[in-house]
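> Below are the structure tokens for one structure; questions will follow.
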Amino acid sequence: MLIIYRSNSLTAKEASIFCNKTLKERNIKSKRIESDFDNNQLENYFYNLAALPDLVIVLGGDGTVLKSANALVNYDIPILSFNIGGNLGFLTQEKDFLFDQSFIKILEKEEFIIDFRNRLHCDVYSNEKNRERKILKSYDALNDFYFKSVEEDISPTNQIQIEIDNEKVNEYKGDGLIISSSTGSTAYSMAAGGPIVHPSINAFVINPICPMSLASRPIIIPDTSKVVIRVVQKNKREIKLWKDGSKCMTIKENDYCEINKVTKPCKMIKFNKSISYYITLIKKLDWKGDLSLKNNQNN
């Protein structure tokens with residue numbers, strides 16, 4: 001097994017030492033590495049391994065899980081994550097399973113399910129006049145891709161055209177645009193006023209950021225769709241592409257992006273004894289609904 005723990009977190013580091021010791025006491029081979037391993041070259045770590053681990057245990061928040069999941073995009077390795085030093089922790093199991101060592105018995109007895117989370121793939125194309133179409137870069141994301149201005153000193157209006165399945169759908173004017181998976185609907189998209197989508201629903205959320213038109217609303221589409229994003233700035237300003245909170249590259253006026261679903265989903269282990277998705281929303285978002293749900297969960 002491989003243990004990836006959140007960098008710059010003493011709590012996560014200590015938890016990784018505890019986890020490593022727990023595994024070795026049961027004669028389970030394991031190794032610890034930081035999430036910022038070798039200057040954020042986590043992908044290269046797996047590429048250079050002689051033998052891949054059977055399981056990756058992630059200790060941190062959702063950001064650490066996203067980084068680990070993106071590094072594993074080409075490998076069929078499940079992820080078991082615990083919320084150690086993170087904030088919301090939508091993608092993680094409760095840390096009690098780790099510290100009371102019950103996670104070992106749960107794994108041995110197979111008292112868990114594999115939760116398949118669909119990912120996003122983005123190809124960035126150069127479409128300069130009189131040049132052959134070519135891919136400049138390719139990226140994968142578990143939560144989302146989004147497009148925002150390159151400018152840091154001012155906040156200009158961006159103009160972004162969107163096509164769905166070869167059909168021009170809209171031109172958004174505003175601060176930017178988010179394309180999220182169902183998993184990512186509780187991340188940046190939710191903060192920008194987008195809908196919460198259950199992770200079992202195979203969908204994309206297209207959500208404009210602070211649009212200048214009241215008619216520009218978030219929409220949910222099947223994740224079998226092909227989404228094309230074009231920069232149509234009249235002022236020659238450039239837009240930056242982001243994935244899962246990390247900068248990718250600058251999208252120039254004649255460039256465009258094709259976004260679709262990744263063939264291989266992310267495998268995440270969910271314990272049978274874990275709280276439900278809806279209880280997670282109540283706890284993480286501090287919903288003030290029927291308090292009996294919280295009371296029943298505590299009994």
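Including glycine, each Cβ sits where the backbone N, Cα and C put it.
Feature annotation from Swiss-Prot assigns NAD(+) binding site to D62, G63, K67, N143, D144, K173, D175. The active site, proton acceptor feature in Swiss-Prot is assigned to D62.
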> With the cut-off set at 10 Å between Cβ atoms, which of these binding-site residues ends up with the most neighbours? Options: K67, K173.
K67
> Counting across all protein chains present, how many other Cβ atoms fall within 10 Å of the Cβ of G63 (NAD(+) binding site)?
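The Cβ of G63 (NAD(+) binding site) has 18 Cβ neighbours within 10 Å.
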> Which residue among the binding-site residues D62, D144, D175 has the fewest other Cβ atoms within 10 Å of its Cβ, if you could check?
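Comparing Cβ neighbours within 10 Å for the binding-site residues D62, D144, D175, D175 has the fewest.
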> Hey, what's the Cβ neighbour count for N143 (NAD(+) binding site) at 10 Å?
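There are 30 such Cβ atoms around N143 (NAD(+) binding site).
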